[in-house]
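Under the heading domain 'CAAX prenyl protease 2/Lysostaphin resistance protein A-like', TrEMBL lists 190-295. As annotated by TrEMBL, region 'Disordered' applies to 1-24. Look at TrEMBL and you will find 46-68, 89-108, 128-153, 174-192, 204-235, 256-277, 308-327 tagged as transmembrane segment.
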Amino acid sequence: SFVNRRDFNSTSEENPVTSTSSRWISRRSSPHHYLSTMSSDGDNNISMPVAVASCVAMALFYVLILYAPTVILRLPSPSSFSDFMIRRFVCAAISTVVSLVFTAYILPIKSWEASVILGIFGIRTDHLWQGVVYPLLLTSLIYAGSLVLNLLLLLESCKENGEACSFFTKVRSFVQAIPACIMTCASGVSFWRNLVVAPLTEELVFRACMIPLLLCAGFRIYYAIFLCPILFSLAHLNHFREMYIKQNRSYIKASLIVGLQLGYTVVFGAYASFLFIRTGHLAAPLFAHIFCNYMGLPVLLHPRGKGLVSAAALAGVVGFVTLLFPLTKPLMYNDRTNNCPCWLGYCLWH
């Protein structure tokens, strides 16, 4: 479980958003930086059906626009994979911008100052290194088995080449080769898809846009954490069409592969939503997303290492569960000022 019952259960008859968020989030700047620009009139609040409908619409738009060039605009099919992906990059960027503008428009915000809008979406410069480093370290614990496996493979490579005594030289050579490797990878379209465009656009739409809408509508935090991942996973259903039709996979095989992907995206989506709400930083789920895309599925079992990989994976899971709440304490990412209980003021919009 990503959430602690103690953090969620309300102990009074207060507004559920106010009483819940006060246990979770702390303000990051001056007490009236956001609150003075928010509507405090209850009539201006977003209703739950409107918030859910908006989130569903953004999720559908994020997927359907990918097919607009060929289905609606009747453009010819791309001549290469790079052209195909670049076209999708443009579609994803358009969808993201539209979602950001739409969300800012329907939220009860009175000021259109850039600092206000960006702050609501979790785009902040204060406590930035905490928003990157701590969630990244926490996420890496899940991949402890994968990291140990990579280390064992590197050691085996040294031994096979007769360099058992020059391991540190090998590591130094590896580090020195990183810039050239990055340049080589950056020239490939898959690098931009997996580590730049997909994480950035998905986090902006499915975290920065949807979570403020749901919280402002009065959803409890744990509802928002588990509702966004469902929409996030449904946005990946288009992979079934590509596997079943374009890659000529069987219906059962395509269903199994996509089912595994959907399960993984639900779990990661809940974790990313948790990070966004706890830290108030978009950078937290964004860099965790990039790291997970780079690493792939965590390795839990492997014949190499005589159980060392499995032991590392188990230790990583235990460390992750143990440090999940301590490393995401809101006060580590925000400055509490005048006891304002939340980082974007949504708890006082009512």
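The chain as shown is numbered from 1 upward.
Cβ coordinates come from backbone N, Cα and C, glycine included.
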In this predicted model, the domain 'CAAX prenyl protease 2/Lysostaphin resistance protein A-like' (190-295) has a mean pLDDT of 85
Pairs of Cβ atoms less than 8 Å apart decide it: which stretch in 89-108, 128-153, 204-235, 256-277, 308-327 has the most with the transmembrane segment (46-68)? 204-235
At a C-beta cut-off of under 8 Å, are there same-chain residues at least 6 beyond the transmembrane segment (308-327) that contact it? List them, or none. 2, 4, 7, 134-135, 137-138, 141-149, 152, 298-302
Helix, strand, coil: count each for the residues of the domain 'CAAX prenyl protease 2/Lysostaphin resistance protein A-like' (190-295), based on DSSP. 92 helix, 0 strand, 14 coil
